Amino acid sequence: MPIIIDKDLPARKVLQEENIFVMTKERAETQDIRALKIAILNLMPTKQETEAQLLRLIGNTPLQLDVHLLHMESHLSRNVAQEHLTSFYKTFRDIENEKFDGLIITGAPVETLSFEEVDYWEELKRIMEYSKTNVTSTLHICWGAQAGLYYHYGVPKYPLKEKMFGVFEHEVREQHVKLLQGFDELFFAPHSRHTEVRENDIRGVKELTLLANSEEAGVHLVIGPEGRQVFALGHSEYSCDTLKQEYERDRQKGLNIDVPKNYFKHNNPNEKPLVRWRSHGNLLFSNWLNYYVYQETPYVL
């Protein structure tokens, strides 16, 4: 089934070339069916790339989705044209009186700061509080997951001595949770972060369930009561070359960055990346949409 996006959104062409079914709002309004309202709070500086990554995954389901892109009003985005934000994005103030079936909160390159030092923290807190009563289920990704765990449950983050960077093997810890329906017992997911949350802190919160972790990368998937809040510390949405681009960017900046682990063939950055997370990435997003959004949301929000 299609996703509904603005006909002029640049990601639309990319998705159509990949056979992801997208639909204009004009066409969708002629159908006698209610699309799921999904908001994406895009905190990444590379907004267009993140749009394509997430739309690619949520568009690969048999559900019709009405997607609303959000940005932070209290933060000046320097890496994206203001025209793009004006044309395709809304702020929380624009939608705070609406309800949504699902919300995705992305990562952000601010993890070395304390949460309170982030310039849009107060606005983000309002959005996370709003999500508790106005959103059926919220999926938090990477720093967004750290922020959600901290705000909702007081789970802290800790600095890492070295960046967690690469593609890592994870083990399913809860076999019968719907979010992991169809998962292999061992699966891969990318990570790219300078901080971590710790398993002992997660297990110390009775409302939280640890679903999957890695011996090397640590906590990956966590779920709250009734699936209202889902936390993914890794980046299952990443495209094939995202880690490569991050690696090359940091090298160009003169940073001391290691080759991403388990990513390039033979761990050689001159060779092609080896994609081992795509199928489980699709499964993660489709399970979230199906079991925690579509099957739980009321017809009238």
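Including glycine, each Cβ sits where the backbone N, Cα and C put it.
Taken from Swiss-Prot, the feature active site, acyl-thioester intermediate covers C142, and the record attributes it to sequence analysis. Sequence annotations record features per position, and here Swiss-Prot assigns active site, proton acceptor to H235 based on sequence analysis. Feature annotation from Swiss-Prot assigns active site to E237. Per Swiss-Prot, substrate binding site is recorded for K163, S192, R249, and the stated evidence type is sequence analysis. Positions annotated as site 'Important for acyl-CoA specificity' by Swiss-Prot, on the basis of sequence analysis: E111. The feature site 'Important for substrate specificity' is assigned by Swiss-Prot to S192.
Taking the features listed in Swiss-Prot, we show where each one sits on the structure.
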| residue | record | Cβ neighbours (10 Å) |
| --- | --- | --- |
| E111 | site 'Important for acyl-CoA specificity' | 20 |
| C142 | active site, acyl-thioester intermediate | 27 |
| K163 | substrate binding site | 18 |
| S192 | substrate binding site | 20 |
| H235 | active site, proton acceptor | 22 |
| E237 | active site | 28 |
| R249 | substrate binding site | 11 |
Between E111 (site 'Important for acyl-CoA specificity') and K163 (substrate binding site): CA-CA distance (Å): 11
Collapsed DSSP category at S192 (substrate binding site): strand
Cα separation, H235 (active site, proton acceptor) to E111 (site 'Important for acyl-CoA specificity') (Å, whole number): 15
Rounded inter-Cα distance in Å - E237 (active site), C142 (active site, acyl-thioester intermediate): 11
Pairwise Cα distance maximum in Å, substrate-binding residues per record: K163, S192, R249: 15
H235 (active site, proton acceptor): secondary structure state under DSSP, collapsed to three categories: coil
Residues flanking the substrate site, with Cβ no more than 8 Å from the Cβ centroid of K163, S192, R249 and excluding those residues themselves: F165, L243, E246, Y247, D250, I257, P260
